[in-house]
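K.L.:
One structure, as structure tokens, below. Some questions next.
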């Protein structure tokens, strides 16, 4: 197929194995836009590219009229082993057409022969004959996207039911081990709830104490430096400089820790947790070091006054706690406690991480039901009924533990301190009239529009960052600069807006007089001289008339932009608090303007509309509905009758926002090129078959193969899964009959522990499924294996190690059907077979995203 006129074709020189049958170099023209050989997230389809010198054959370019179209050459090593693989695939029904280079005007065989001779020294004999393939620029772009996500591997959610696993299941069925395992599982979920809550309490207490010292000092500094008749030498530049120092230093410390020690801790961590639960192994996401840096980073960022909150990172912290406790060992401290060994696999670990995320939500918001619903609505990609009870128990334990600790810390006689996001209770029940429902819908539409605008601006800013701010020191300085800008804007607003209110009419902790009269305080200073969470609480509960319209208007605009620039910095911060703060500000502002126009409208309660505005803005940015409604209800203690206005507002915000873009967490996943599978296949995959997206030919291993061959392919390829075949014709493993699949990690353990057939009597009685679990999750690399000369001819029998029942599909199966298998079972690899159960290709996660 000819490329479009506005596309410059790319010529790809691919190794062929049909030297004997087709000595002529051929041009292979695939379907336009298709990947020639896609890479999967585990590098399962990684290509080895070798650049070709442009001076390879100058005569070729001089005599070739398509010179401009042939200026991009690369050599790609395909997924093949032998001479017959490509030849047999070309004879299949879906084979791509082969066109001889002789059919191209002005071409000759000289350059191709030169390339072949150049490669002959490094490539096997059966892989020395290259073929040309023309592909479109679209394919090159897709390959570029795929290569950007090669740092992400897939998790093995599909249980490897090999002989060793089946023996363990037989042992479990004959003992009480199954009941013991269920009891241990419940104990782990309870421990997750307790430890997550204790970490949340520690973070909250430190933030509250440091923030109290900071804002008390700033209030005192402003009071003694205000110029007036009794103090003519007062200089407000002094508290401004103090404020800069108390903001920039903590932010610099937190940004430096995130940038130089653990970059994965940047942001809230929710997109990374979502990706992990989807089946993507994000590097270093659940390390103890990650938890430590995250906790300290959140403290420094909030104390520094950045437009962010501590609630979002608690979800990441809960996930780390769950992943660590459930394994019964620490790979960071190289300490194995010899407990919970039965849970050392990705499938079990995933369920615990989901419970940890729910416990984190419960600790952050004091919302156990909201935590469980958040895990179901926003985080989980795989769910079963048993998880509902376990995550709910973890959430309840987390919320209850935090309630006890913080209530005791604050000296409360009853358990009333429900969570970190403590917005206080409304003194009077919130009521609504039915004619207000259209107003709530308008609020939701407005929140959806503002949320879509916020997501768009934040995405553009983060793309700019990733492109131009690449040095680590620059990332730290950027965070410090944003802190400086925030303080400067706040001071400017406080200085120039004289918004004075009587003392004692609102819950402000640090009333600052500034230029106001005695027994008055500056309401603008009250908005800035406290944590963002306390400001949200003030906007909810301040009595009518506590703010000027001008004050709230400027505050809303400034904080909208500040939060947009802040989320994406190399600091540990969440987006929930600033989003709720902006929504509460413009919601209260709208109520104030409406009351100014209609002074007799008794239903215009500013606190109620601040809550509706916060819900609308949160729905527009996060695109959550049910869980967010429950979280807001449990956090504020409003009546269940107010559920309807909240859900109307959130649904309106989500529908309007979804028309323009996705939620901020999904956008971050895409911007970072994480190969996360959606709920449905992408539209352009509809109507395709397995043969259209599979990668072929495939590197396979015989059921009984030489250790030298296994060692060589593990060094040469980075794939993480290899079909196991028998009934091999000659040495053509890539067309053998499928009898199982073996993982890279299993092969490395087999080589490291010398589990060879010739020495079976020495290891067979001591080898079990626990042999592989002991090295989980950080499996050794092939670089740790040293193949001695006396072992190169040993045989590896994969009969007891491989998964004998891999999920397979036929070449003519639809992509929709294959995607459903992949998504429902949490697969890492899916083998495509022909009618004789011989390998035709393999499908991995990236094949559903980048082809």
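Yeah, the Cβs are placed from backbone N, Cα and C, and that goes for glycine too.
Got these off TrEMBL a minute ago, pasting:
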REGION    1-45  region 'Disordered'
COMPBIAS  18-29  compositional bias 'Polar residues'
REGION    81-128  region 'Disordered'
TRANSMEM  183-207  transmembrane segment
TRANSMEM  240-261  transmembrane segment
TRANSMEM  291-309  transmembrane segment
TRANSMEM  352-375  transmembrane segment
TRANSMEM  387-412  transmembrane segment
TRANSMEM  432-455  transmembrane segment
TRANSMEM  476-497  transmembrane segment
TRANSMEM  549-569  transmembrane segment
TRANSMEM  576-598  transmembrane segment
TRANSMEM  610-633  transmembrane segment
DOMAIN    694-758  domain 'CBS'
DOMAIN    802-851  domain 'CBS'
K.L.:
Same-chain Cβ contacts of the transmembrane segment (240-261) under 8 Å, 6 or more residues past its ends?
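P.N.:
Apart from its flanks, the transmembrane segment (240-261) reaches 214, 217-218, 221, 289, 293, 296-301, 303-306, 472, 475-476, 479-480, 482-484, 486-487, 490-491, 569-572.
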K.L.:
Cβ pairs under 8 Å only, please: of the recorded stretches 291-309, 387-412, 432-455, 610-633, which one is richest in them relative to the transmembrane segment (476-497)?
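P.N.:
Most contacts with the transmembrane segment (476-497): 291-309.
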K.L.:
If I count Cβ-Cβ pairs under 8 A between the transmembrane segment (183-207) and each of 291-309, 352-375, 432-455, 549-569, which range comes out on top?
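P.N.:
Between the stretches 291-309, 352-375, 432-455, 549-569, 352-375 has the largest tally.
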K.L.:
Across the domain 'CBS' (802-851), what are the DSSP residue counts per state (helix, strand, coil)?
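P.N.:
Residue counts for the domain 'CBS' (802-851) by secondary structure: 15 helix, 15 strand, 20 coil.
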K.L.:
Between the stretches 291-309, 352-375, 549-569, 610-633, which wins on the count of C-beta pairs under 8 angstroms to the transmembrane segment (432-455)?
P.N.:
610-633
K.L.:
In terms of Cβ proximity under 8 Å, which residues at least six beyond the ends of the transmembrane segment (610-633) contact it?
P.N.:
361, 365, 367, 369-370, 373-374, 376-378, 430, 440, 443-444, 446-452, 454-455, 536, 539-540, 575-576, 579-588, 590-591, 640, 642-643, 645-647, 649-654, 656-658, 662-666
K.L.:
Do you know the mean pLDDT across the domain 'CBS' (802-851)?
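P.N.:
Overall, the domain 'CBS' (802-851) comes to a mean pLDDT of 91.
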K.L.:
Cβ under 8 Å, sequence separation of at least 6 from the ends of the transmembrane segment (352-375): give me the contacting residues as numbers and ranges.
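P.N.:
Result: 188-189, 192-193, 196-197, 199-200, 273, 276-277, 286, 310-312, 314-323, 325-326, 343, 387-388, 390-392, 394-399, 402-403, 417-422, 624, 626-628, 630-631, 634-635.
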